[in-house]
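Reading through the structure tokens given below for one structure.
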Amino acid sequence: MWFLILFLALSLGGIDAAPPVQSRIVGGFKCEKNSQPWQVAVYYHKEHICGGVLLDRNWVLTAAHCYVDECEVWLGKNQLFQEEPSAQNRLVSKSFPHPGFNMTLLTFEKLPPGADFSNDLMLLRLSKPADITDVVKPIDLPTKEPKLDSTCLVSGWGSITPTKWQKPDDLQCMFTKLLPNENCAKAYLLKVTDVMLCTIEMGEDKGPCVGDSGGPLICDGVLQGTVSIGPDPCGIPGVSAIYTNLVKFNSWIKDTMMKNA
């Protein structure tokens, strides 16, 4: 049985906030420039830790296991380590992890058998609205479940190697395919629920990794999920990755944004 890995980029501030983590895309390819204008880079103390998705000018969606006491985001970036005039930096004024996410799981070095990692999503309220431009654009939430066998695109600046953390400069993309959740239930000891999506990478030695957590899963042109958990090491051939199924959370997302506008 494969160990689970959270796609978070580092052990935060000496706090054992997550199991050993990996968050890059292994076996991906350089995304076409500005092709993912909703892609967000989440930072903690100037260090990239997670991905995210811009939902509107004031809100970013990411993974609950990316929670830290204070963070900031970069929007409109293509290259992680380069200054880009079109990129925008915003502080996060408040974080809203989903109340159903079990934060105590982040204290484990390895997730225990039967652990329920459901509800792994979090909203970030920006301190200043994003400027919508050609390279910074929000993406709509899904309105219906994705179809099985859909071809999906995942993107992020997570590690590009499975066992040694190596961040890419260029935003990485990777194609993956939606599977029945039963496939993930067979591959993992944790509980697999209907608020999760299960994917298999199209090719060997591919998959999201450390730093990709919270990044978008786009299926047939529609945002359907955010990166959650996967095998350790990343990109094990034939082993599925798990994403948060966003259509299940439309009400919570919209209510939280409205009540904290």
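Every residue gets a Cβ built from N, Cα and C, even glycine.
Noted in Swiss-Prot for the protein shown:
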ACT_SITE  His65  active site, charge relay system
ACT_SITE  Asp120  active site, charge relay system
ACT_SITE  Ser213  active site, charge relay system
DISULFID  Cys31-Cys173  disulfide bond
DISULFID  Cys50-Cys66  disulfide bond
DISULFID  Cys152-Cys219  disulfide bond
DISULFID  Cys184-Cys198  disulfide bond
DISULFID  Cys209-Cys234  disulfide bond
DOMAIN    25-258  domain 'Peptidase S1'
CARBOHYD  Asn102  N-linked glycosylation site
SIGNAL    1-18  signal peptide
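Where Swiss-Prot records a feature, it is marked here on the structure.
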residue : record                           : DSSP (3 states)
His65   : active site, charge relay system : helix
Asp120  : active site, charge relay system : coil
Cys152  : disulfide bond                   : strand
Cys173  : disulfide bond                   : strand
Cys198  : disulfide bond                   : strand
Cys209  : disulfide bond                   : coil
Cys219  : disulfide bond                   : strand
Cys234  : disulfide bond                   : coil
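Counting every protein chain shown, 30 other Cβ atoms lie within 10 Å of the Cβ of Cys234 (disulfide bond).
Recorded residues Ser213 (active site, charge relay system) and Asp120 (active site, charge relay system) have their alpha carbons 10 Å apart, per Cα-Cα distance. When averaged over the domain 'Peptidase S1' (25-258), pLDDT in the model lands at 91.
Considering only the recorded positions Cys31, Asp120, Cys152, Cys173, Cys219, Cys234, the residues lying within 10 A of Cys66 (disulfide bond) on a C-alpha to C-alpha basis are Asp120.
In this view, the densest Cβ surroundings among the recorded positions Asn102, Ser213 belong to Ser213, judged by other Cβ atoms lying within 10 Å. Cβ crowding, taken as the number of other Cβ atoms within 10 Å, peaks at Cys50 among the disulfide-bonded residues Cys50, Cys152, Cys173, Cys184. For the recorded positions shown (Cys31, His65), fewest C-beta neighbours within 10 angstroms: Cys31.
Note: the CA-CA distance between Asp120 (active site, charge relay system) and His65 (active site, charge relay system) rounds to 7 Å. The Cβ neighbour count for Cys209 (disulfide bond), using a 10 Å radius and every protein chain shown, is 37.
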